[in-house]
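Q: Pulled from TrEMBL, these are the listed features:
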- THR204: active site, nucleophile (ACT_SITE)
- ARG232, VAL233, GLY234, ASP235, THR255, GLY256, ASP257, GLY258: substrate binding site (BINDING)
- 169-190: region 'Disordered' (REGION)
- 1-25: signal peptide (SIGNAL)
Amino acid sequence: MHRQDKMFTFLLICTLTSLLTLGHASLPLVINTWPFKNAAAAAWSALQSGGSVLDAVERGCARCEMEQCDGSVGYGGSPDESGETTLDALIMNGDTMEVGAVADLRRIKNAIGVARAVMEHTEHTLLVGESASVFAENMGFIAEDLTTNKSVNIFSEWLKGSCQPNYRKNVSPEPSKSCGPYRPKATWKQSKRARHANIHAHDTIGMIALDRDGHAAAGTSTNGLTHKVPGRVGDSPIVGAGAYVDSLAGGAAATGDGDVMMRFLPSYLAVELMRAGVDPSAACKSAISRIKRHYSEFFGAIICANTTGHYGIH
């Protein structure tokens, strides 16, 4: 196991064992990626006070958004190439299979709340960009500046460092040495995907909640990849990639290199494996292994929970 893979596993276990012994069956259940214990506590409190699993997921993710968990969730983090912070979020109802999601959301801090509004007040699944922000404002969400002194400093230092790292390829001038503006190269060779070592560039919160009555929900929230190309959308708001849940099978949520994960729908795969009777730990492992067959240096992890309350990570 690579050092970074070990770190992912450690961070996931920190949260999972805050209430339970790893893998032990127990309902109700709340689990989430990364050691965001306040988020888990907020979700747990929602369930204990009579809230639904959707309430639990929304409150848990919202806590992370307000606390700016690790700088990778909520406002004031992960500025893109233009220095702007934008948010992605998803929430899914495992009973009805309804989903609400937003991507490239601007000016609104409560991305998970807007995602739920998409699910409950439209016939759509995903709203993006400026139109998603206008929708949120029309739904009563407060427009606020998502920029902070910290995000301004991150952006400023990035510019001073010749815009490194960035996520351009096959362009001119050479993206590893320049800020651009970029133009496509006339000719280019297929290159190996660059590995960006900062694990905190990928630590989305993904959450699964199950209650004693068989209801299940899942959700995600993130401010995306630091220094991303403006308009980039990762796995977090994509159904089956960032998260997936079915009250008849279980739920899964992923964290890591979203540009790769969304090509494989690991959360959907894990849930379908659990539906077929596969143990949650094995389902998680299989979903990640499928990605690593194509991207051996892939950096990511997934949490899985079945309807009996057993869960696993990989």
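Each residue, glycine too, has its Cβ placed from N, Cα and C.
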Q: On a simple 10 Å Cβ count over all chains shown, which one of the recorded positions THR204, THR255 is most densely packed?
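A: Sorting the candidates by Cβ neighbours within 10 Å, the top entry is THR204.
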Q: Looking only at the region 'Disordered' (169-190), how are its residues distributed among DSSP helix, strand and coil?
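A: In the region 'Disordered' (169-190), the DSSP-based counts are 0 helix, 4 strand, 18 coil.
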Q: Once the DSSP letters are reduced so that anything not helix or strand counts as coil, what is ASP235 (substrate binding site)?
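A: Note: ASP235 (substrate binding site) is coil by DSSP, not helix or strand.
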Q: Let me know the largest Cα to Cα distance in Å among the substrate-binding residues ARG232, VAL233, GLY234, ASP235, THR255, GLY256, ASP257, GLY258, as an integer.
A: 16
Q: If you count Cβ atoms within 10 Å of the Cβ of ARG232 (substrate binding site), leaving out that atom itself, what do you get?
A: 18
Q: Count the other Cβ atoms sitting within 10 Å of the Cβ of VAL233 (substrate binding site), across every protein chain shown.
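A: Excluding its own Cβ, the number within 10 Å is 21.
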Q: Taking the Cβ of ASP235 (substrate binding site) as reference, which residues of that chain separated by at least 6 in sequence fall under 8 Å from it?
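A: Listed in sequence order: THR204, ALA241, GLY242, ALA254, GLY258, ASP259, MET261, MET262.
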Q: Can you tell me the three-state DSSP label for GLY258 (substrate binding site)?
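A: In the DSSP reduction, GLY258 (substrate binding site) maps to helix.
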